[in-house]
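Reading through the structure tokens given below for one structure.
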Amino acid sequence: MQSLLRLLQDGQFHSGEELGAAVGVSRAAIWKRLQALEAELDLQIHKVRGRGYRLEKPLSLLAIDALTASSSVPVTLIQQVDSTNAEALRRLASGAIPPYLVIAEQQTAGRGRRGRSWASPFGENLYYSLVLRITGGMRQLEGLSLVVGLALLEALRGAGITEGGLKWPNDLLIDGRKIAGILLELAGDPADVCHVVIGIGVNINMRMAPASQVIDQPWTSLRQVLGEQVDRNQFVAGLNRQLEHYLQLHQQHGFASLRAQWEASHLWQGRMVTLATGAQATRGRVLGVDDAGALRLDVAGQERLFSGGELSLRLHDDS
Ligand code: BTN
């Protein structure tokens, strides 16, 4: 199946003979295989008499050789999985030794923050989970998700994005639209042996929300912003490089050393916001973040600190 898709990924016509010869089946069997691909991966394949078959939208497929070459940790590439974070945690539970990276072409139950789902169509975006062992206790976790946001922002810039920035704690927005998200999940006891799964989702070549999924917030993709298809293997290489750099800085010097850089990329610095904390809402002006990555808000003249992954920040209309 994969070799067929690889041939078709350019979006050009390929004859039944060519495809049949490449995968070693008869011309007649090819159409059956392509129909199975369409159904399984939610793809559109056009069949035109005399010309052959072509994908409605070209794809930039991930290639394990390229992914492995750009990573300093072992990589597993899965075609379809419920969630790369869930898979990374399962591997941990069955004895896999971090660091390692799990990447998928499609997620059927991609997880977002605060119980949301994450749209994960086949072959278009990036679903990336890096598992690390935490040896320095809670300190090593402080500000970690914000640092991952910085690395991801740099990777987006390396791919040609010039606008946009971060929204506390770790959303990446362009023109108010989400282009990427980060979900950290912990396994074990932070006071003892503990592992973190750094889950990263980046909208790379997505042009439309998948038919089967409603995306309940404004979104964009690298393709939409840049106006052209992006090579996903190259994007992963840039992301690997940036993560390695920023995670090393964070491990050696803590979040304090990256705090000013983070604030400089914070889109809502100085703005009036409403912070939803469970049933309560707190209104205040964003002062920045502290050395542990907690949000500093000026609430009626008093500085207050907020931390935790379950908080949601909204811009206030009059800011
Ligand atoms: C968010 O809500 O902003 C976080 C989205 C995180 C999505 C990524 S995709 C790879 C990894 N696997 C998941 O199931 N979720 C994360």
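From the backbone N, Cα and C atoms, a Cβ is placed for every residue, glycine too.
Positions annotated as DNA-binding region by TrEMBL: 16-35. Annotated domain 'BPL/LPL catalytic' per TrEMBL: 71-251, in sequence order. Marked as biotin binding site by TrEMBL: Ser83, Thr84, Asn85, Gln107, Arg111, Gly112, Arg113, Lys178.
Overlay of TrEMBL annotations on the structure.
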residue	record	CB count, 10 Å
Ser83	biotin binding site	26
Thr84	biotin binding site	27
Asn85	biotin binding site	26
Gln107	biotin binding site	25
Arg111	biotin binding site	20
Gly112	biotin binding site	18
Arg113	biotin binding site	19
Lys178	biotin binding site	20
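Assigned with DSSP, the residues of the DNA-binding region (16-35) fall into helix, strand and coil as follows: 17 helix, 0 strand, 3 coil. Close contacts with ligand 1, defined as a Cβ under 6 Å from any of its atoms, occur at Ser83, Thr84, Arg111, Arg113 among the binding-site residues Ser83, Thr84, Arg111, Arg113, Lys178. Tertiary neighbourhood of the DNA-binding region (16-35): same-chain residues 1, 3-4, 7-8, 45, 47, 52-53, selected by CB-CB distance under 8 Å and a gap of 6+ residues from either end.
In the three-state DSSP scheme, Arg111 (biotin binding site) falls into the strand class.
The biotin-binding residues named in the record, Ser83, Thr84, Asn85, Gln107, Arg111, Gly112, Arg113, Lys178, extend over a maximum Cα to Cα distance of 20 Å.
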